[in-house]
Amino acid sequence: MADQKEAISQARVELDSTSTVDSSQEAFSAPLHRRLKSRHIQMIAIGGIIGPGLLVGSGNALHLAGPAGTLISFSLVGIIVFFVMQSLGELATLIPVTGSFTEYASRFVDDSLSFGLGWAYWYLWVTVLANEYNAVSLVIMYWTDVVPQWAWILIFWFIFLGLSMVGILAYGEIEFWLSLVKVISITIFFVVAIVISSGGIGGQKIGFKYWHDPGAFADGINGVAKTFVIAGTLYAGTEMVGITAGEAGNPRRAVPRAIRQVFWRILIFYVGMFFFIGILIPYDDPQLLAKGSKTAASPLTIALQEAGVGPGASVINAIIITAVISAGNSSLYVSSRTLLFMARNGKAPRILGRVNKAGVPWVALLLSNLVACIAFLSVSSGAGTVYNALITLSGVATFIVWGTIELVHIRFRKALVAQGQSADDLPFKAMWYPYGTYAALAANIFLIFFQGYTAFLNPFSVTDFVIDYILLPVFVLLVLGWKLFKRTKLVKLEDMDIWTGRREDTVVESEGIVKKEGLMRRAKHVVIG
């Protein structure tokens, strides 16, 4: 027994030493710090879906589909997100690694799928980041156009980069307070919207007037189809919980709590937002962000302006700026961690796997931010046109990522059966498996192809067709190219690694096995697994 205690004590010392970067470790192999607390992850999960896309891009969705159309598309995609998060929660709680579903794809399906998924997910977040630069420049130019749009993008480029260079604990604190501001602000807007609609502010009762004139649907089923891809992009960020799990101090507590709140977050913040802006603003309001427009305003700002609350509109814009800072921070966090994983697994240049003493992958951060400079395209083109194109591209990538998460989950469950393990022993079980998982996989595959069907309507639009579907052949080429180059094979169920990366409480088993913090090491009486 004394030997066991000594071995366990030594294991704890070794585990603690891995949480910081000491002088003996190389920058290319040093681990990320595990310092995110439960409250950080929960608020990151909440704030991650409240970005400038929701506060500004919601106007574009309302313009395309109308109030009823947006409620339908965002509710349906919200149900898909719920099941995707259930699947991811099961995996991330058991195996909390920084590579998250990109690593799961390699372990449970094929390394070539991991390669394609990793680059697609990185592209998704770089595109989202570019959207945020575009959104913040549009919103600030509501106040003044003295400073050109490109200058605002450049200013926030340096702000985002500076905030991203802080350590993970500082990142968690920044996101916690910024997310809290967003949640409180949107809640206040909901209350104000009720007062405006009832005539308490603005002097007229609105009710559901705009549902009748100009109507509940902007373009029937076509409008709903166009907003599916917007919903996918605006919901992107919920899966961030899987990435943050790798840097969480206690993922078994933090991840399930964040996952269980997803449904209510979606219901309250997204469906609630579209309900209120749908009764306060007609979908044909010329101030909404529409294709070909040169300037755009948030629907929240428009609603307060038309109700005669001018100062309130400026407050909303200030909140949007806060949301942009938070969302930019998150976009760089996820894109850099994805590149870090890819670099350290030979799927990206090795230099991208470098971290500093604070555990920050600074090279990956810098590259991601540089590529996001595609936002400068909005300077020479109509802001609405560029915004639409970027939203569509990242939306398709979102459906690809979500569909892969469901596929990975199905393979993981089959591996449990093949290796004689019981799903009842999992610390978190996905709700309504297998029905929810299979249904969400089918829905994502359907949306990947359905979201762009309007390009085939008369007349056929070559531009829309390319924007809607260009990512599909690119993704397939990435997967097949890596498969041929590395000669990868589909992982057999009985050979799947379903153990490495687990962080469990220290338990001494009958055969002398101790499982602690996911490290695999064998001592005289213990195995740290």
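One-based numbering along the chain as shown.
Glycine too: its Cβ is placed from the backbone N, Cα and C atoms.
The following features are taken from TrEMBL:
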type: DOMAIN; residues: 40-492; note: domain 'Amino acid permease/ SLC12A'
type: TRANSMEM; residues: 41-58; note: transmembrane segment
type: TRANSMEM; residues: 64-84; note: transmembrane segment
type: TRANSMEM; residues: 150-170; note: transmembrane segment
type: TRANSMEM; residues: 176-196; note: transmembrane segment
type: TRANSMEM; residues: 262-283; note: transmembrane segment
type: TRANSMEM; residues: 315-334; note: transmembrane segment
type: TRANSMEM; residues: 355-377; note: transmembrane segment
type: TRANSMEM; residues: 389-410; note: transmembrane segment
type: TRANSMEM; residues: 431-453; note: transmembrane segment
type: TRANSMEM; residues: 465-485; note: transmembrane segment
Looking at 176-196, 315-334, 431-453, which one has the highest count of Cβ pairs under 8 angstroms to the transmembrane segment (64-84)?
431-453
Where among 176-196, 315-334, 355-377, 431-453, 465-485 do we find the most Cβ pairs under 8 Å to the transmembrane segment (150-170)?
355-377
For the transmembrane segment (262-283), name the stretch out of 176-196, 315-334, 431-453 with the most CB-CB pairs under 8 Å.
176-196
So what's near the transmembrane segment (315-334) in sequence-distant terms, Cβ-Cβ under 8 Å and 6+ beyond its ends?
44, 47-48, 50-56, 121, 125-126, 128-129, 132-133, 135-136, 139-140, 142-143, 156, 159-161, 163-164, 171, 174-175, 178-179, 181-182, 185, 189, 237, 240, 243, 298, 300-301, 304, 365, 368-369, 372
Model confidence over the domain 'Amino acid permease/ SLC12A' (40-492), averaged pLDDT:
84
